[in-house]
Amino acid sequence: MAYPFQLGFQDATSPIMEELLHFHDHALMIEFLISSLVLYLISVMLTTTLTHTSTMDAQEVETIWTILPAMILIMIALPSLRILYMMDEINNPYLTVKTMGHQWYWSYEYTDYEDLTFDSYMVPTQDLKPGELRLLEVDNRVVLPMELTIRMLISSEDVLHSWAVPSLGLKTDAIPGRLNQTTLLSTRPGLYYGQCSEICGSNHSFMPIVLELVPLKYFEKWSSSML
């Protein structure tokens, strides 16, 4: 869950988000080194009048500043491609949940169960209980088992939406007439909040997402009570 004045990402809850955080730190360190080098060169040029005429037209210098950027790009591109393939990989999902975006709420269908469907609306401010989060709580949470691969099928009934849960590294567009899919895997139980991240209309900011990740035995009890 994000907190006021937070500057970094939310804590990772899935292996994919952990990889994304590591890649972010990797790319940021490369950018920091490049920025430091450029700042050093600019400061040297502004504070000294010395000119190394022997290096102004040197072939070695031309070779270095051609090869070095290419190597840096490869160091960034290879980990990025690895994570992209990991995000698209589907490994025998334990459960499939179909998510439909509406103006302005989400509806969920557990396709492996018969008649297990519900709508998820934001809880109005005046109906919040002590400790609940304004603009983020919903009347029906999406309960899922932890430590198991879950497939989410995402689409929309009307306009463009986007189903996003930052701590799980998820952000998938909900497009009318098209079925997108993504997978999630939580390494620990808890409540994970998200919101529609597509500007979908006047009530765009009032369609939150709440995932409740629980151990398998509790999920089975919940699913039995819902049927």
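In case you wondered, yes, glycine gets a Cβ from its N, Cα and C as well.
Bear in mind that TrEMBL entries carry predicted annotations, made automatically and left uncurated.
What TrEMBL says about this one:
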- 1-91: domain 'Cytochrome oxidase subunit II transmembrane region profile' (DOMAIN)
- 92-225: domain 'Cytochrome oxidase subunit II copper A binding' (DOMAIN)
- 27-51: transmembrane segment (TRANSMEM)
- 63-85: transmembrane segment (TRANSMEM)
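Taking H, G and I as helix, E and B as strand and the rest as coil, DSSP gives the domain 'Cytochrome oxidase subunit II copper A binding' (92-225) the counts 19 helix, 61 strand, 54 coil. Across the residues of the domain 'Cytochrome oxidase subunit II copper A binding' (92-225), the predicted structure has a mean pLDDT of 93.
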